[in-house]
């Protein structure tokens, strides 16, 4: 087993850091600060993060085939032009609900942008339940709603053969799998493949490695765990120096580095003094596995 090394590379202290995505073209890490309302891009060369402020909670960012990015902003799918710092709305969801916002999102291998919503939080992970839904933004900019009654729509990814969609509704404390039809983007046959242990706390963001194993960030659990979706077994636990680990992705030149986002919302002064790197972005090396490059939105 290679030696795992953890380093806090961006110490800006996000309120809720989320949705890390490696941008190969820029050689940089994208991520968002949801309640801080900004989209960030961290360069390993300058070791600095640039940020673009937006007008609502921004919960995920994805690459776009035509250039620049797409984001989920409030209850909107939107386009972001980085240099111009220009955000334009593509479409809106949850029009019948006053108190929801998007949460995690990711693009599937066919270039569709999957993202789900959740009720507004009273405080972290405390909210009106079953207010959320899971949506897909198609390349023709139409939107499909898959299901509702979601608490906190969270981590998502696809199996290496693209036949399974993995999904987390955080307050179910479960990582779920669906049969996936890549041609149509339809999902079905939902089942739980892993239930979190008490000390793992709340499942949050998720990514897959080139061996087909899932990595799940555990909010309030201060760790990422590696799961085998076939056997439902936990294979590895990597603990971080902060409790509120929120999401993870692979990046770097050969996708052998893992990046983990974290949060500070809900932490008091005493807690923060014990965890000065809370809200930072962490780089984990030496895992001995590589990740899958992110897919760009085709629309």
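Just so you know, glycine gets a Cβ as well, placed from its N, Cα and C.
Residues or ranges marked as domain 'SMP-30/Gluconolactonase/LRE-like region' in TrEMBL: 16-264.
TrEMBL lists 18, 154, 204 with the feature divalent metal cation binding site. Of all Cβ atoms in the shown protein chains, 31 besides its own fall within 10 Å of the Cβ of residue 154 (divalent metal cation binding site).
Counting every protein chain shown, the number of other Cβ atoms lying within 10 Å of the Cβ of residue 103 (substrate binding site) is 26. The feature substrate binding site is assigned by TrEMBL to 101, 103, 121.
The annotation active site, proton donor/acceptor is assigned in TrEMBL to 204.
Nearest by CA distance to residue 154 (divalent metal cation binding site), out of the binding-site residues 101, 103, 121, is 103. Neighbours of the divalent metal cation site: apart from 18, 154, 204, residues of the same chain with C-beta atoms within 8 angstroms of the site's C-beta centroid are 19, 103, 104, 152, 155, 168, 170, 205, 217, 219, 246, 247. A Cα-Cα distance of 9 Å separates residue 18 (divalent metal cation binding site) from residue 103 (substrate binding site). Reported as a whole number, the C-alpha separation between residue 101 (substrate binding site) and residue 204 (divalent metal cation binding site) equals 16 Å. With a 10 A radius on its CB, residue 18 (divalent metal cation binding site) counts 27 other CB atoms from all the protein chains.
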